Amino acid sequence: MSFKDLRSFIDHLEANGELKRIAHPVDPHLEMTEIADRVLRAKGPALLFENPVGKTMPVLANLFGTPKRVAMALGKEDPLALRDVGELLAFLKEPEPPRGFKDAISKIPMFKQALNMPPKTVRNAPCQEVVVSGDEVDLTKLPIQHCWPGDVAPLVTWGLTITKGPRQKRQNLGIYRQQLLGKNKLIMRWLDHRGGALDFKDFKEQHPGERYPVVVALGADPVTILGAVTPVPDAMSEYAFAGLLRGERTEVCKALSCDLEVPATSEIILEGYIEPGEMAEEGPYGDHTGYYNETDEFPVFTVTHVSHRRDAIYHSTYTGRPPDEPAMLGVALNEVFVPILRKQYPEIVDFYLPPEGCSYRMAVISIRKQYPGHAKRVMMGAWSFLRQFMYTKFIIIVDEDVNCRDWNDVIWAITTRMDPKRDTVMIDNTPIDYLDFASPVAGLGSKMGMDATNKWEGETDREWGTPIVMDEAVKQRIDAIWDDLGIDDAPTL
């Protein structure tokens, strides 16, 4: 099942008990965050606040608050099925020629999907049913959430920022938070390595002093939203990838003020420009780390046009100490990463980004170890293979007999298979998340790798312990007589 717009997905969630409408007036200032946070921690439904205090537009929150809803957005019921998305991405990143006739036949579905890649341009798009421009633009009329008591101002959180660089054929979609600065101004908080910032940098070099056109889409269809947070190949547009996932071309329309294309069924579109040199201090804001971050200067986005659907819905979220919505997205997207990593490193059994680690700051990887030093090779590969793991501070490598998603198993492996000096890798002066105030320098810090695998000859001179495992035949005999023993519940093994 694919969803043409956000509204059809909302209807689907509601029909399946995954969305709750809240008619009681709720204030976007702090109250929505408190309600959404309580519901998310209880693994509850998405929320549609129908009567935001002081505003006329309803607010959608916790849309991707469980891995199940992320899977549902892609027409799947089980988050594990998201590995199909990872298989597709692995194919796109490194397509291989067929190894024979059968292999060629097996790849036909992927090549057919590729036909859905180019976006489809439409006219009379729903996102442009209502248009205001110039002096009529007033962003304070939107129900923009003020999430935490220490936040400096309301914050746009789920906007898809659309940019294009002079050297790129594709348009880039990225999600960057945007501080409300005035009736027609937002602060565009994009870090230097992100796609939008790189496009802007290239534009300034080729067109010095010129205004840079930018568009922000709020409330796009769920597949396009997820396409913007998925690690697509650098040369591919998120629109093209969304078309692949959906099985239908992404519908776009030309923006009102520039040549950028916007998701045609979006709820709200903000169009405008960045004036080179116009900067403003951004923050502080409560972030996904669970702390308020430092302030810094970022470009100012001047909004010249606001268009939206009739009876538009404002899509929002909050970030805070995990679990939050980004952490739940991370749990779901974890399954996307597994096939991508396995294609490059077939020895990887499983890969886990614990949500407690702010979605990406720690990774645990289980491998089929094949030679001394193998764990260290996988560490280095994981740090360098995907840009998404550039900020991963800690990597733990375990053997295939350890469930890398079970801390009981992982801690057992660390405490029985590791020597802190021999099996710890420390690397200084590496890229680190700008928001990580624990690093000695903003954006630059260290990484730690932990080899919690069994040690081979060459890694130790000691006789290595053999794990205790019950005889399989005995286990089967006990399984057969368990009900006769009068013990209420058999433990899950």
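Using the three backbone atoms N, Cα and C, a Cβ is placed for every residue, glycine included.
Taken from Swiss-Prot, the feature active site, proton donor applies to ASP287. DSSP assigns ASP287 (active site, proton donor) to coil, not to a helix or a strand. Around the Cβ of ASP287 (active site, proton donor), a 10 Å sphere holds 21 further Cβ atoms from the protein chains shown.
Look at Swiss-Prot and you will find ASN172, GLU238 tagged as Mn(2+) binding site. DSSP classifies GLU238 (Mn(2+) binding site) as helix under the three-state reduction.
Here Swiss-Prot flags ILE175, TYR176, ARG177, ARG189, TRP190, LEU191, ARG194, GLY195 as prenylated FMN binding site, drawing on sequence analysis. The Cβ of TYR176 (prenylated FMN binding site) has 23 neighbouring Cβ atoms from other residues within 10 Å, across all protein chains displayed. TYR176 (prenylated FMN binding site) carries neither a helix nor a strand DSSP state and counts as coil.
ASP287 (active site, proton donor) is 10 Å away from ARG177 (prenylated FMN binding site) when you measure Cα to Cα. Sorted by the number of other CB atoms within 10 A, the binding-site residues ARG177, ARG189, ARG194 start with ARG194, the lowest. Distances between the Cα of ARG194 (prenylated FMN binding site) and those of the recorded positions ASN172, GLU238, ASP287 are shortest for ASN172.
Sequence-distant contacts of TRP190 (prenylated FMN binding site), defined as residues of its own chain at least six apart whose C-beta falls under 8 angstroms from its C-beta, comprise THR161, GLY174, TYR176, GLY196, ALA197, PHE200, PHE298, PRO299.
The Cβ of GLU238 (Mn(2+) binding site) has GLN171, ASN172, LEU173, THR224, GLY227, ALA228, THR230, VAL232 as same-chain neighbours under 8 Å, each 6 or more residues away in sequence.
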